[in-house]
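**Student:** Have a look at this one.
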Amino acid sequence: MNEKLPISIAQITDIHLLASESQRLQGISTTESFLAVMKRLEELRPELDLLLMTGDLSDDGTPESYENLQHYLNSLQIATYWLPGNHDCAIAMDKILNLGMVSRRKSFQRGNWNFILLNSSVTDCVYGYLSATTLDWLDSELKMLPNNPTLIALHHPPLSVNSAWIDRSCLQNSQELFAVIDRYPQVKLVLFGHIHQEFRRQRHNVHYLGSPSTCYQFQSQSTTFAINQELPGFRLLKLYADGTWTTKIERVPYSLPIEPTVTVSY
């Protein structure tokens, strides 16, 4: 048993909000599915220290979608940090998602842990890529921050998820990211979104965790685009001062059916 209380974190990802709350995506209301997740987060609020949002918070990148998101988050009153995904507009996010408990900071500390959030999005592209500037910044942050357990987050998976159509849009320069991470043994976890499903793999001593979407879920290990009937979800983590951690996936009730005929949307 650890002597110090852990940091309790919720990771939510791939919300895909739209400018109009009445719009639907893949047959469901992404607003309604997100509010179902928010209801569960409200129940968990007394035990949560931090909310991490790992990209594709909007589907259309509109200011209206981010204004709606900021409104919902205001009521939650949990320290919240975010990073952009391929559907997002980082400029609009920077302007809007930085009020109250919502922060646009990309490097911070909580408890005995360091947190570093990376922008892997590329304008008008589905795949991810970390610029040389971003990689240099990551390296400098890891040098400068205390030698404490560290969590890194980005939107795109740096590892294959064994689903051919998703793997084509993963992080395109993963080896450059690994080259930085491998120099710093304090890095314990890398969180990401984009894949709309649970994923867990270890590379060296670092664990890479992907999480379900708050809306529709992709069929795992599918060669082509496919959606399954799994419920909206998010990830919960407890981070202990000694660098150990635990995690689980939470699913929330959502009754509206997904349309059988859909179009590809990461």
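For all residues, glycine too, the Cβ spot is worked out from N, Cα and C.
Copying in the features that Swiss-Prot gives for the protein in this structure:
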BINDING   Asp14, His16, Asp56, His196  Fe cation 1 binding site
BINDING   His16, Asp56, Asn86, His87, His196  AMP binding site
BINDING   Asp56, Asn86, His155, His194  Fe cation 2 binding site
**Student:** Which chain-mates of His196 (Fe cation 1 binding site) that are at least 6 residues away have a CB under 8 A from its CB, listed by sequence?
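**Tutor:** Sequence-distant Cβ neighbours: Asp14, Pro212, Ser213, Tyr216, Gln217, Phe218.
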**Student:** Around the C-beta of Asp56 (Fe cation 1 binding site), how many further C-beta atoms are within 10 angstroms, looking at every protein chain?
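**Tutor:** I get 27 for this one.
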**Student:** Counting across all protein chains shown, how many other Cβ atoms sit within 10 Å of the Cβ of Asn86 (AMP binding site)?
**Tutor:** 21
**Student:** Look at each of the binding-site residues, His16, His87, His155, His194, and point out the one with the fewest other Cβ atoms around it within 10 Å.
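**Tutor:** Least crowded of the binding-site residues His16, His87, His155, His194, by Cβ count within 10 Å, is His87.
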**Student:** Roughly how many angstrom lie between the C-alpha atoms of Asp56 (Fe cation 1 binding site) and His87 (AMP binding site)?
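**Tutor:** With the alpha carbons as reference points, the distance is 5 Å.
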**Student:** Are there binding-site residues among Asn86, His155, His194 that sit within 10 Å of His16 (Fe cation 1 binding site), Cα to Cα? If so, list them; otherwise say none.
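**Tutor:** Those close enough: none at all.
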**Student:** Using Cα coordinates, what distance in whole Å links Asn86 (AMP binding site) and His194 (Fe cation 2 binding site)?
**Tutor:** 8
